[in-house]
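Remarks on the structure that follows.
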Amino acid sequence: MFDVSFTELIVIGVVALIVLGPERLPKVARTVGHLLGRAQRYVHDVKSDIQREIELDELRKFKQQIDSTAQDVNQSLRSATDSLRASGDSLRAELDDTARTVNEAAADIQRTIAPHPAITAETDTSKLPGTPATLPATAAAEPTPAAPAASQAEAPKSPSTGNAT
């Protein structure tokens, strides 16, 4: 602590022995030892208090940094949540508009397809304008020109042997 060498201690002891005498020297040495011990303990306590305050100060700074970072993260999460909610609300509004348009179009189609009250199952459809009259029976029975060509293509061919039969 004071950086005193052994030779310096011997010199101090000899001077104390001469000044104090052999009767009082042990008592004074004991008292000086107790005082030095108290001083060392006091210095140690002050050092530890200062060290604790420094650590507390560092911890406070660290806590403040963590708190500010947490607030920044919380703020960014809130802004992201708000923007997502706004996007979701706009999408919901667009989907509602689209659904309304589709429902209106479906209702228009249903009104267009629904039979008019004047037309019923009992009404003769051949008398309606734009409906062709009944087809003649001969037209339905006649084969189309593509049908004979197909039947000729399907007929098995006899192998030609070169002999005319």
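Glycine too: its Cβ is placed from the backbone N, Cα and C atoms.
Each residue in the compositional bias 'Polar residues' (67-84) gets a DSSP state, and the totals come to 18 helix, 0 strand, 0 coil. Annotated compositional bias 'Polar residues' per Swiss-Prot: 67-84, in sequence order.
The compositional bias 'Low complexity' annotation in Swiss-Prot covers 127-159.
Annotated region 'Disordered' per Swiss-Prot: 67-165, in sequence order.
Among the features that Swiss-Prot reports, transmembrane segment is placed at 1-21, with the record citing sequence analysis. Same-chain residues lying 6+ beyond the ends of the transmembrane segment (1-21) with a Cβ under 8 Å from its Cβ atoms: 28-29, 40.
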